[in-house]
Structure formats: structure tokens, C-alpha cells
């Protein structure tokens, strides 16, 4: 299992467009990928799960990946978070 933590810097947090990009990216991998915020974990392959967390600015999130392609999954998700302006 691999994990990485991030602080969200976008003024509106994880809103619909970047959430969609995260879900699409996570769905490309076989690994089980979870997003944790405020003690609650959701499947990062579920748009409803991601949006239900209401992740705002300055929130600390952790991404967990467990499976055969976990390293690639964490890297790809990190790239999306950065590209979408959610993290530095």
C-alpha cells in the first residue's frame, strides 16, 4: 500500500471539474484507491463519494492506493492534483 498527503490550495477546494479528472484518472488503474478527508475514506473512483466529502481550501487529504499498479496510480493522481491547481 502506498499513500501520499496533500494540502488543497484552490479557493473552491475539490469542486466538480477537478473531482471528475481525479475519478477518471483513478479509474484507469486496477488498484483500490481511496481518498481520506476529515477521518472519512471514500473510493476515489466514485464521483459521488469524492463530492460528498466537501473538501475545501486548506484541507489536508490523503490518497491511498493498494494493488499491482499502486505506485503509478499515486503518481498519476499527484500529477492531476498539481495540473488542476489543487496543490503545489
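Glycine is no exception: its Cβ is also placed from the backbone N, Cα and C atoms.
Per Swiss-Prot, the feature domain 'HPr' maps to 1-88; the stated evidence is sequence analysis.
In the three-state DSSP classification, residue 15 (active site, pros-phosphohistidine intermediate) falls within coil. Around the Cβ of residue 15 (active site, pros-phosphohistidine intermediate), the same chain contributes no residue under 8 angstroms that is 6 or more positions distant in sequence. The active site, pros-phosphohistidine intermediate annotation in Swiss-Prot covers 15.
Take the CB of residue 46 (phosphoserine) and look out to 10 A: across all protein chains shown you find 14 other CB atoms. Under DSSP, residue 46 (phosphoserine) is assigned to coil, being neither helix nor strand in the three-state scheme. According to Swiss-Prot, the feature phosphoserine maps to 46, an assignment based on sequence analysis.
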